[in-house]
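Before any comments, here is the structure.
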Amino acid sequence: MDESKYSNTNQIKKSHPVERANFISKLFFCWLLPYFVKGYKRDLTEDDLYAPVKDHDSRMLGDKLEKEWNYQVAHKRDPSLLIAIAKVFRRELILSGLFNFFIELIVRLSQPLLISRLLQFYEPNQTSMSQNEAYLLAGLIVVAVLVNVMCVHNYQYHVMHLGMKIRVAACSLIYRKALRLSKSALAETTIGQMVNLLSNDVGRFDFTGQHLHNLWIAPTETLVVMYLVYIYIGPSGLIGTIFLLLFVPFQMYMGKKTSQFRLRTAIRTDERVRLMSEIISGIQVIKMYTWEKPFAKLVEMTRRKEIQQIRATSIIRAIMMSCNMTLNRAAICLCICTYVLTGSTISASYAYTVSSFYGILRNTVTMFFPQAITQLAETLVSIKRIKHFMLYEELDSRQQVSRKIIGDKTMSKYDEHKNGTLPLRFRNNETVGIHLKNASVKWIDSLPENTLENITFNVNSNQLVAIVGPVGGGKSTLLHVILRELLPTEGSVEVEGTISYAPQEPWLFGGSVRQNIIFGQEFNLKKYEEVVRVCALQRDFTLFPHGDRTLVGARGVTLSGGQRARINLARAVYKEADIYLLDDPLSAVDTHVGRQLFDECICGYLKEKCVVLVTHQLQYLRNVNSIYLISGGQIEASGSYSELKNTDSEFTKLLADNKEEEEEKSNTQSNQIDEEATDEQEDVPADNREDRGSGTISSKVYRSYLRAGGSWLKIITLSSAFIIAQIIDSFTDYFLSVWTNVEQWKSENKIINKYNNELTNGTGINNTAIYTNSISRTSLQSYLNEVLTQQVAVTVYIFLVIATIILSVSRSLAFFRFCMTASVTLHNSMFYKIVNASMKFFNTNPPGRILNRFSKDVGSVDEALPLTIVDTVQIGLIVVAISLLIGSLNPWILLPTVIILTIFYYLRHVFLATSRDIKRVEGVTRSPIYTHLTASLQGLTTIRAFEAQEILTMEFDNYQDQYSAAYFMFLGANRTFGFWLDFHCVAYIAFVTVSILFIESEIFGGNVGLALTQAMGLTGMFQWGMRQWSELENQMTSVERIQEYIDIQPELDENTKEPPKFWPENGKLKFDKLCLRYDPSDPYVLKYLSFEIKPQEKVGIVGRTGAGKSSLIVALFRLTQLDGTILIDDVNIKEVPLHILRSKISIIPQEPVLFSGTLRKNLDPFDEYNDEILWNALEEVELKNAVTDLPAGLDSKISEGGSNLSVGQRQLVCLARAIIRNNKILVMDEATANIDPQTDALIQSTIRRKFSDCTVLTIAHRLHTIMDSDKVLVMDAGQVCEFDHPYKLLLNPSGVFHGLVSETGKPMAENLTSIAKLNYENSHE
């Protein structure tokens, strides 16, 4: 439906390599290697993606989860989404749990047992183990590490894969639910909330599975380790375990706090994304009102509240991360100190067996278990939010009640049929119809008063019925009742026949014009041509660059209001239906086109159908079968045209002015659509694909992130803290090895002394020689023997551990604070650039694409990026430290270290070339999901009326499948990279082992223990660090994408200077050779306009649809680049700063835009005016009574987009804004198009009175609104045709304006002429 049409792409893409791979290829992750080669050679794009894997099919996964969820809803009082997910994926969850159990309790636990056994070989005076056995044990350690690597990576791959499938299923479920939401549910939720659910909340599923099973494996493994520690080490080894277990409640408390902050963050993020969604949708109005600053403040305030919660979460993360690093070290310290202080002598065997066992516990208890708690807590919050959304009221569930009579005992007549449609064989034209009897309706059930009261309404087949009435009377609400969007609280509603619907606000999605008209119906060329003809679209198609294949952009931004209205009508007419509901389709088009639409489309093409027409165009009412006058939610009068004329209603007096019209045949020539326009082989315009970066992430992106965090001094201080902490941490390890070596040396020294007393024994002499040689290697031993007493050693060791803990915690807190500052700065910079960008940017970028930056990318920078950076920096420092430590034991080991680092660097280089592109593609394929959701919700009523939910769901699933294809490749690339890094790490461990045991023939157990434990610690850590380093580049694509928007050029506002303080004083306008185009490559839309408007003149602007009337306003507000000049009070507007220029011109826009918040904020966002001024403005526009009736008056809540007000009421609010601002120049763009004639007349008199000393420009299709103007500007094809007093223009029978008036029919033309003549005579007296 939106940006990229992926629907047919799956057929031409290659099947996924994982589906073709054999067992060995999957085990060793070989299936993705050819893709790495391709990625290394050139940049990868969306076209290089493979077809989605069958297991990831969004439709299939959505169906499964929906089935389980429906079962929960049907059978459980409190349905559980968690249980529904568990049931769908229980097999994978159980298998992954068993596999993880095998890895943790068998594969991983074998390593410390083998190390413990090997280190016994270095015990002084041991004779139980031969050297060959030691070599065998060393070999088994390497094999155990290899098996662990293979198992861990395959496990992680499968759980991440499972998390992805759960996310896809949840997204599909949320979207399907969104299409079923009732009107009252839509009033409670927002588009922003749903976008957040689809971006951040479901994202939790991707990572939950990683550590989920540690919730039960960690306690089990702890008990097993405690038993083994007791057996191998003794009671002192349990002290550390008890210490770790004491911290578990603290970690669980932290996990609980995280979930609370996560929920609060999600609510704040919902609010921010909702706000952004509204701002993006109403950006043109915001610019014309110069409301950028108040909205920026609002966003900043919302963002500040969100960051407060994220900051609290990040503090917890910093503490938890420090715990991960330091608890394990503290536990080992406790064990060793207890062992030593109870009278034992420390040995390498004891120290490094403890270290090995606690290394296992470090992963499970201090790292994975808290992570599991935190991730589960966050996921449960997301599940709770999704469940809350899933339990919103549905349209379908409400319609299980009888279609025929609500509240009575009558059984449903049509329950088994969609939309109340009888099977065709049972239905004929006589049965088609709409019958309401005493129906009362509420928009929201909690409201005390009904919106419609006691409505009786009947329409049969072959009838055209009009609904008229004042603004806010309930006309559109009645159509919603017929559509079953609202169900009556009393009375009955019976609708027989299929329905088609054209909403009052045209809804277009980001496809081509043809796709918008066909909208999932079967394409019939002959019918399509006829519909295009009767909807007066042929001329427009010739003007469009690609005919009916032209892309309309999101919300139809590239079209005029009239074009949108006619395409909207064409969609409704093209659908084969029995009943057509047309909500005011004639207001947005000029009189001539309106007459053509009414005669040829409504009365001609649809003459044999049941048609309900809501209209304010009273000149057409004589041709309808029946008229219903609705006011204040009740039917005031009904009957034929002649019957209504005789009623006493104030409103119907206007009908008297419509004298009987003569039958006039339209002479409009209908040309067949150009064959080229319908030729299937025509060049289709390329979709406007999202820009994405290529190559490596530039250093500029990193610099911008660091600069956003603070000054260079702050960066250097933070870096120093990391380095110092690591030096102390590594020195603690080194000190332990020195201590154990000294103790071993002391033990051996005693043995030497013993042998010296037995010189008669030959063996003793030889052994002494051996020991003497080994000991005489350094004089440091003698020094340490004297200085490093047991008490000193314990004191130094404890001091080092405490220093490590303090530095780690303070450094982590400072770092996360730095990241929060960077995140806030980047978001605010992006927002300020977006809100000040030119309108071209918004016309070429769909809302979903921009929202993607503000939801997913900002979310990544807020939460994922800081963790990735800290991992990368920390592990990088640890790797350097370990390499130096091992190198200090044996300098030869530095050679394989350099080799392995070189291999790693090149592996990373190859991996990054691919993964970076995949990550970018993933970001690009994600945007259409949000755009599709946003567009679907904006056109929900239309979608349901057309029963197009299935089509849109399929399209959503297609977008999801494309995203899954990119995400799965990224997931596979990460795991492949990790596996091959770890595989090389195993080789490195083998090098270290060989070098220590064979080359150097190490005799100190402390050195062997240090080398083995450090090298093995390097295994998972090295690959994780390299992956996090690579992931850092991938995460930095989010910063890059944000930076792209920060680099957007703002609207050109150069060489400007402040105008005089009270400018403009008169309101004189002069256009001199004005040309305008929306893009440098486009032709001019306005061509060399030259005319002058005197101060206080009231000028009407008329012309056919697409003549350039609205572009004139664009020029006046400088919303795009101008050629030529516009002078206001002799000041060139190019020289006036934009915010001053726009603030000095009042605008009542064609599409009334309101923002959620209070009515007060919609009228006066700066809080500049007192209540009296606001109430007076509302009184002037006939809204005071309506607002007084609201419970909170001016502080009453306005729903998103102003959906709780009628379109007419929204236009009146916009008019009230203009009255409040009271500028010298007022522009009205079809401002009364959706207002009934009576209210229109009142508004016109208000404008004449309130703006009598102002210059007023009025664009109108209703000619009577501009007939009393001082002048009329007639436009055609971007040029001025005529410009003079309307009466003077009417004196020219061959003039364009004369032709426009004549097309309204003879009686109306006479009426208009008399108004113009009277005004002319009065002005020339």
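Every residue gets a Cβ built from N, Cα and C, even glycine.
Note: TrEMBL annotation is automatic and uncurated.
Copied over from TrEMBL:
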COMPBIAS  673-685  compositional bias 'Acidic residues'
DOMAIN    102-371  domain 'ABC transmembrane type-1'
DOMAIN    434-657  domain 'ABC transporter'
DOMAIN    715-1034  domain 'ABC transmembrane type-1'
DOMAIN    1069-1302  domain 'ABC transporter'
REGION    658-695  region 'Disordered'
TRANSMEM  134-155  transmembrane segment
TRANSMEM  330-352  transmembrane segment
TRANSMEM  792-810  transmembrane segment
TRANSMEM  864-886  transmembrane segment
TRANSMEM  892-911  transmembrane segment
TRANSMEM  977-998  transmembrane segment
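Between the transmembrane segment (977-998) and the transmembrane segment (330-352), the number of CB pairs under 8 angstroms, six or more residues apart, is fewer than three, so the stretches are not in contact.
Just going by CB pairs under 8 A, the stretch in 102-371, 715-1034, 1069-1302 that sits most against the domain 'ABC transporter' (434-657) is 1069-1302. Same-chain residues lying 6 or more positions outside the transmembrane segment (864-886) and placing a CB less than 8 Å from one of its CB atoms are 314, 317, 321, 325, 722-723, 726-727, 729-730, 733-734, 812, 815-816, 819, 893-894, 897, 901, 992, 1010-1011, 1014-1015, 1017-1018, 1021-1022, 1024-1025, 1028-1029, 1031-1032, 1035-1036, 1038-1039. Using a Cβ-Cβ cut-off under 8 Å and counting only residues 6 or more beyond its ends in the same chain, the transmembrane segment (892-911) has close neighbours at 36, 39-40, 883, 886, 973, 976-977, 980-981, 984-985, 987-988, 991-992, 995-996, 999-1000, 1011, 1022, 1026, 1029-1030.
Taken as a whole, the domain 'ABC transporter' (1069-1302) shows an average pLDDT of 81 in this prediction.
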